[in-house]
Amino acid sequence: MGVNKVRFKIRKQIQQQEPKVSVFKSKLKKSVTCSVPRIRSTVTGFFPVMRWLPKYKVRDYICGDVMSGLIVGIILVPQAIAYCLLAGVEPIYGLYTSFYANIIYFLMGTSRHVSVGIFSLMSLMVGQVVYKEMFLAGFDLSEDSQASGPDGFNGSNSMNLTAGHLHSVELMGLQCSKECYAISIATALTFMAGIYQVLMAVFRLGFVSVYLSAPMLDGFATGASFTILTVQVKYLLGLKIPRHQGYGTVIITWINVLANIHKTNLCDLITSVICISILVAGKEIQERYKDRLKIPLPTELVVVAGATLASHFGELNSHYGSSVSGHIPTGFIPPQVPNFSLMSHVALDALPLAVISFAFTVSLSEMFAKKNGYTVRANQEMLAIGFCNIIPSFFHCFTTSAALAKTMVKDSTGCQTQVSSLVSALVVLLILLFFAPFFYALQKCVLACIIIDVPAKWRDSKNDAIVWLVAMSATALISVELGLVIGVVFSMSCVIFKTQKPKVSLLGRVNDTDIYDDVDEYANLALPARVQVIRFQAPLYYANKDTFLKSIYKIVGVEPFLEMTKRKKAEKKAKEMSQRRAKASGDNNNGDVVIGLVQGELEFHTIVLDCSAMPFIDSTGMATFKVLVKEYKEIGVRVILASCNTSVIDTLQKGQFFGKNDEDMSSLLFPAVHAAVLHANSTCAAVRLEDSVV
């Protein structure tokens with residue numbers, strides 16, 4: 001009792017030195033205090049580039065940053081154009097997105113290696129919303145018109161609508177055609193996602209990402225990969241079929257593809273086969289000779305350049321009807337405020353986008369920071385990715401995130417700081433200003449080849465594998481949004497199930513040490529004489545209290561209520577027999593005899609509960625402990641606790657489990673299992689000695 005009480009008092013005294021009210025007042029006073037150092041700290045905290053850029057070591061860093069920036073920029077350009085097929089917008093907007101996101105993250109990000117920009121999963125989720133809203137607005141999703149393009153915002157598409165052949169809607173006082181409406185939806189969605197992310201950063205809601213387990217994210221990404229592949233099949237085959245809206249995209253799309261397979265464009269099919277073969281061969285060569293190659297092979301750029309030249313000089317569009325990217329203008333479009341009337345339509349859709357975007361960004365930031373020996377600020381990362389969505393939404397961009405593949409390229413090519421992102425942005429800028437029109441003849445099937453993802457690997461853990469499979473199946477077979485919800489709910493359900501059905505172990509002693517472990521896991525463990533040591537490997541709370549009790553009853557082999565019932569029946573039977581014998585012999589005591597031998601003796605006299613694997617208990621758990629002690633006491637068995645942490649002790653003390661003023665603490669609580677076993681045996685021996693003397 002002395003050790004436990006002293007430890008508890010010391011801990012309480014330390015807590016009482018700083019009352020919560022005074023701590024709150026101190027923090028509040030500090031937060032409202034305004035001074036030059038505090039303003040400087042706030043500004044540099046919001047823009048981390050102001051801290052590290054003045055200390056930039058040009059000689060040490062510049063070569064690695066420029067090299068990685070150029071390589072990522074070269075990879076980024078074809079991907080930026082290609083992923084617009086997923087997002088349902090014109091190729092120019094992918095270039096805008098990549099340009100602005102890299103610059104903003106350069107200013108606000110805390111990771112040195114993360115590459116923020118266009119990401120296939122984000123593009124797919126944006127595209128799902130864009131096509132859904134376009135369908136609801138009455139647009140024909142199968143038409144390939146390029147009526148308005150980027151100029152739709154400036155009203156220059158009005159002459160295209162005079163013939164009445166194209167459907168349009170009115171936005172902000174202007175007639176907006178298909179392409180204009182698509183980017184309007186995308187920017188409104190992006191703005192809302194950015195707002196959610198900034199709010200999550202302000203209110204410190206980063207803990208939400210804890211519920212996105214790695215297996216769930218892997219399964220979600222793999223399911224999305226199947227969806228991405230399915231969405232691109234029509235481009236690979238040159239089919240002109242509408243993009244399915246609603247649940248079951250993968251199944252319905254494949255049915256439509258098979259129904260229209262006879263309409264396959266042979267030119268697109270042959271081009272797709274050639275491009276995929278080159279891309280796969282390039283990845284194989286890269287993987288096999290990665291130790292010899294100083295930089296990644298620019299396979300995607302080679303494919304895009306070669307296919308563009310072949311399409312242009314072979315006139316594949318006019319001769320064979322092959323779908324091409326179309327005109328990509330140079331320069332920038334004047335900024336436009338996102339359409340607030342559309343935000344109510346996409347407010348709910350923006351939430352999963354915001355969560356997935358910041359989850360990937362924060363996890364990648366922390367992963368590469370740990371690998372390269374520095375730290376990142378998760379909350380600032382959320383702010384950075386939030387503003388990478390809010391600000392670009394005014395410049396006709398769609399939702400961004402950190403991308404694993406490009407981040408790995410940066411890390412492997414000598415990246416040292418986010419100056420590499422600035423170099424990548426300059427590469428995209430060159431394309432925007434001078435070279436964008438050269439991609440006019442680029443076939444859409446080539447872009448589809450670049451987009452296709454490879455599914456993630458199967459997990460080793462059985463539980464993780466099930467979570468992965470459920471998330472992947474739901475995402476691929478139902479929808480991306482519902483796949484995320486189902487994945488999160490199922491992952492959390494698995495955690496809850498684990499706490500409801502935890503492992504309960506009978507412990508034995510390791511040789512002559514004071515160490516106790518699971519007798520089912522380790523051989524040659526000695527069970528302590530007449531003491532049952534049990535470990536419950538989960539928190540004890542309202543949801544698993546019944547499991548806890550049943551597990552204890554099963555392991556010790558004695559359920560108190562049944563044992564009491566059994567004893568009462570035996571006592572009653574013995575008493576009746578005694579009365580009959582007394583009546584037969586003419587004894588006048590009416591069979592009132594002491595039946596001491598009826599109860600018998602159990603094989604154990606004490607149960608020691610090892611609470612080392614029990615992180616906390618609630619009031620129901622505390623009440624369960626009381627019930628357990630009381631029930632076993634009635635049949636002559638003691639229940640004592642060992643290795644409880646301070647959280648469990650606090651709850652037990654508040655519930656007066658140890659009696660008033662903790663008077664029974666020394667007999668019910670022990671710092672270690674071996675101490676509890678020794679105490680149980682010594683107490684039992686002392687009781688027997690007293691009985692023998694009496």
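Quick reminder: no glycine exception, Cβ is built from N, Cα and C everywhere.
As given in TrEMBL:
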type: TRANSMEM; residues: 61-83; note: transmembrane segment
type: TRANSMEM; residues: 103-126; note: transmembrane segment
type: TRANSMEM; residues: 180-199; note: transmembrane segment
type: TRANSMEM; residues: 219-237; note: transmembrane segment
type: TRANSMEM; residues: 342-362; note: transmembrane segment
type: TRANSMEM; residues: 383-405; note: transmembrane segment
type: TRANSMEM; residues: 425-454; note: transmembrane segment
type: TRANSMEM; residues: 466-490; note: transmembrane segment
type: DOMAIN; residues: 521-680; note: domain 'STAS'
Of 180-199, 342-362, 383-405, 425-454, 466-490, whichever stretch has the most CB pairs under 8 A to the transmembrane segment (103-126): 383-405
Average model confidence [pLDDT] within the domain 'STAS' (521-680): 83
Long-range neighbours of the transmembrane segment (180-199), counting only residues six or more past its ends (CB under 8 A): 87-90, 93, 126, 129-130, 133-134, 137, 139, 148, 150, 152-153, 157, 168-169, 171, 205, 336, 338-340, 342-343, 345-347, 349-351, 353-355, 357-358, 382-383, 385-394, 396-399
Selection from 342-362, 425-454, 466-490, the stretch that has most Cβ pairs under 8 A to the transmembrane segment (383-405): 342-362
